[in-house]
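Engineer: Per TrEMBL, the features are:
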{"type": "REPEAT", "residues": "30-63", "note": "repeat 'WD'"}
{"type": "REPEAT", "residues": "72-104", "note": "repeat 'WD'"}
{"type": "COMPBIAS", "residues": "170-182", "note": "compositional bias 'Low complexity'"}
{"type": "REGION", "residues": "170-229", "note": "region 'Disordered'"}
{"type": "COMPBIAS", "residues": "206-217", "note": "compositional bias 'Polar residues'"}
Amino acid sequence: PCRSVLTVACEQTEVLLFDPISSKHIKTLSEAHEDCVNNIRFLDNRLFATCSDDTTIALWDLRKLNTKVCTLHGHTSWVKNIEYDTNTRLLVTSGFDGNVIIWDTNRCTEDGCPHKKFFHTRFLMRMRLTPDCSKMLISTSSGYLLILHDLDLNKSLEVGSYPILRARRTTSSSDITSSGSSGPRAVGSPCHQNDSGPLSEKHLSRSSQREGGSPRNSLEVLTPEVPGERDRGNCITSLQLHPKGWATLLRCSSNTDDQEWTCVYEFQEGAPVRPVSPRCSLRLTHCIEEANVGRGYIKELCFSPDGRMISSPHGFGIRLLGFDAHCSELVDCLPKEASPLKEIRSLYSHNDVVLTTKFSPTHCQIASGCLSGRVSLYQPKF
């Protein structure tokens, strides 16, 4: 958070630390985990967490990097995502076992950390908290996006214990306008769940059908609309949130692996058009087709700290994208129909497919990492 260290998660058990200003290598944690390191999350200016395909999460202190603070055991498959609720100081992780697990970092010891399973869904890919921690978003490889509204991390969710907000496909604003008189159309619950599954509409609670606000941890299931994916389905591989909580940013690939898209969806607050209509909290506002290279690898994109730009892996480099050519705020560029993102600048310095990119939280600086392990730092001039 204080921009003094750039940390890099590597495929072969390593974590690299750099000074982002001087570009000097600070330290290598050569055996940070026993398998690929997937993600890193700072809890404050000194403590950070790493997760791995070895099914564990590790806590580290920048002041003493020779040993881990502790190792957290609880997942049964690859751990891919780490979030942190600064209000409750709860660490939130998700993995390919389909579990979202909550860890109480207030009571960590060398032996581990008290934890509990918070949520479970099949095909889980990524999990994110909104900046105010009022919502949890979960993306799946089957193309569904789950939103838990009015989030309460202290309450574990079991099958049938949470109200369902009926699912629907997200729309462009023209679809909303045309459906205003008859109500939005429903697409039902995910096809991968049977009638007895946790996402079945037979578990709809009466409170979720009331006009107005939804109860705590109410679940909304969406199939985000992606250009060109109507017949082939898609996998949501990367999921990011606007720093002001206005929108979500998705990287989607087709199930046939022949297309990739970056899409921005605006959050729409409030009740459905009619109380009995399916809720739809997201609206597609901007999108752009991406370079279809490095198939099978996830490309992690990001918002700039002010939310005006998007940095997206594109082939052997990155593209800086804006909502318009002037890098205006999203709220000033909301189109009536989904519009293309504008390419502001392309930056190429790699000899392999770029997989990840990140803005500095305080400086005009961007980092990118490619498949062969090279890390590049940019200071773009406009």
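Each residue, glycine too, has its Cβ placed from N, Cα and C.
Automatic, uncurated: that is what TrEMBL annotation is.
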Engineer: Please indicate, using numbers and ranges, the residues of the same chain that are 6 or more beyond the repeat 'WD' (30-63) and have a C-beta under 8 Å from a C-beta there.
Structural biologist: 1-2, 4-5, 7-15, 69-84, 89, 91, 93, 95, 103, 105, 108, 113
Engineer: For the repeat 'WD' (72-104), what does DSSP give as the number of helix, strand and coil residues?
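Structural biologist: Residue counts in helix, strand and coil order: 0 helix, 21 strand, 12 coil.
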Engineer: Please list the DSSP helix, strand and coil residue counts for the repeat 'WD' (30-63).
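Structural biologist: Per-class counts: 0 helix, 18 strand, 16 coil.
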Engineer: Could you pull the average pLDDT for the repeat 'WD' (72-104)?
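Structural biologist: Average per-residue pLDDT within the repeat 'WD' (72-104): 95.
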